[in-house]
Amino acid sequence: MTTTAITHIAALVTNDPSLGDNSPLGLIQDAAVVIEGDRVVWTGESSKAPATDNAVDAAGRAVIPGFVDSHSHLLFAGDRTQEFNARMSGRAYTAGGIRTTVAATRAATDEELSANVARYLAEALRQGTTTFETKSGYGLTVQDEARALRIAARHTDEVTFLGAHIVSPDYADDPAGYVDLVTGPMLDACAPYARWIDVFCEKGAFDGDQARAVLTAGRAKGLHPRVHANQLGHGPGVQLAVELDAASADHCTHLTDADIDALAQSATVATLLPGAEFSTRATWPDARRILDAGATVALSTDCNPGSSFTSSMPFCIALAVRDMGMTPDEALWSATAGGAAALRRTDIGRIGPGARADLVVLDAPSHVHLAYRPGVPLVHEVWRRGERTGARKHG
Ligand code: NIG
Ligand code: FE
């Protein structure tokens, strides 16, 4: 197999303390990475790089692991421009807006849904995302949820069944009947396409008992839980996530000390989604408090047409640093290794021997520029599974 070295990397983030400066980012200055097929086989100082078939000169740029976006909702049609516009004029965000997207999604063809996913994925890849998770949740019938997941599974292995996003409008008077549908025929139809099961545990969506019923039914069918928890207010979501060993509790905007303790003592990752607070003008989650307690934090986009219509991990990093108390190092770690932890993956989110060759070359000498230069397109090129994509023409 051909080997390729990327050389003259000003600062390489490996996310492996033992490979670099012993910090969590495992930084190596003046570094090289050697790729063979779709894997990384060597990292270290440029001067010590082994001989390879090909070499690519990074010319003093920084290299980081590809972003792992562990939370998105890309199976939708239409948009909610008017709702956003009204919100920016003072109207509050509620879970009810989801119904608008449900109607548009049901009316869309398979081709339209698939083209939509492909479009947002391409957008994300250009901004450095090499792995993404995505969910159903805008179909809310057996057929519409199953087709969303069937389409999603063509684009990623990290597929999540979110039939319990809100109670379907068809069951407005019978929420218990909807939970029976989700945990019965809908789960049966959806489980073959999904790895994960999720529920929106929130006032206006599903309460703790309903959420528990959904997640335990999913687990019995081989799906692993993750939970939309404590986004709009305090509630049982985080504690439930920890109790059921969910891979992540997502949002975590309103946390009690007990919620934070529970996260810190568990393997459940707190996935923070600053795009949602930005786009709904909501209170920021206190990342500092969660990190200081010792919990693992992931950063993700939550890309969806209602609460967070961004596919940009660099944007989320900038917000997390500016407004959520994270350091640039912590934010970078959370957007890469943290996302991998939230998907319980060890092959991504790091750059070291055996890892998938997913990496981003930045038009900057350091990863700190992602927060320092907000809104600037700093992604020079992206390597995904060892293949170079999106190299810019200018050098
Ligand atoms: O994660 N919180 C629930 N679901 C999405 C919002 C979906 C929508 O508004 O369409 C979220 O923010
Ligand atoms: Fe979400």
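Keep in mind that glycine also has a Cβ here, set from the backbone N, Cα and C atoms.
All annotation found in TrEMBL is predicted automatically rather than curated by experts.
On a predicted model such as this, the values are computed, not experimentally measured, just so you know.
What TrEMBL says about this protein:
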BINDING   His71, His73, His228, Asp302  Fe(3+) binding site
BINDING   His71, His73, His228, Asp302  Zn(2+) binding site
BINDING   Arg80, Tyr138, His165, Gln231, Ser307  4-imidazolone-5-propanoate binding site
BINDING   Tyr138, Asn304, Gly306  N-formimidoyl-L-glutamate binding site
DOMAIN    249-367  domain 'Amidohydrolase-related'
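Sequence features annotated in TrEMBL and their locations in the structure.
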residue : record                                  : DSSP (3 states)
His71   : Fe(3+) binding site                     : coil
Arg80   : 4-imidazolone-5-propanoate binding site : coil
Tyr138  : 4-imidazolone-5-propanoate binding site : coil
His165  : 4-imidazolone-5-propanoate binding site : coil
His228  : Fe(3+) binding site                     : strand
Asp302  : Fe(3+) binding site                     : coil
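When the alpha carbons of Gln231 (4-imidazolone-5-propanoate binding site) and Asp302 (Fe(3+) binding site) are compared, the span between them is 12 angstrom.
Selection of the binding-site residues Tyr138, His165, Gln231, Gly306, Ser307 by a Cβ distance under 6 Å from ligand 2 yields an empty set.
In the vicinity of ligand 1, defined as a Cβ distance under 6 Å, the following of the binding-site residues His71, Arg80, Asp302 are placed: Asp302. Of all the binding-site residues in the record (His71, His73, Arg80, His165, His228), the one with the smallest CA separation from Asn304 (N-formimidoyl-L-glutamate binding site) is His73. Nearest neighbour of Arg80 (4-imidazolone-5-propanoate binding site) by Cα distance, taken over the binding-site residues His71, His73, His228, Asp302, Gly306: Gly306. For the pair Asp302 (Fe(3+) binding site) and Tyr138 (4-imidazolone-5-propanoate binding site), the C-alpha distance works out to 14 angstrom.
The shortest Cα-Cα distance between Ser307 (4-imidazolone-5-propanoate binding site) and any of the binding-site residues His71, His73, His228 is the one to His73. It is 15 Å from the Cα atom of Tyr138 (4-imidazolone-5-propanoate binding site) to that of His71 (Fe(3+) binding site). Using the Cβ center of His71, His73, His228, Asp302 for Fe(3+), the list of other same-chain residues with Cβ within 8 Å runs, in sequence order, Ser72, Lys135, Asp250, His251, Leu273, Ala276, Ser300, Cys303, Asn304, Ser308. Listed in chain order, the residues near the N-formimidoyl-L-glutamate site other than Tyr138, Asn304, Gly306 are His73, Phe76, Arg80, Gly97, Ile98, Thr101, Gly137, Pro305, Ser307, each with its Cβ within 8 Å of the site Cβ centroid.
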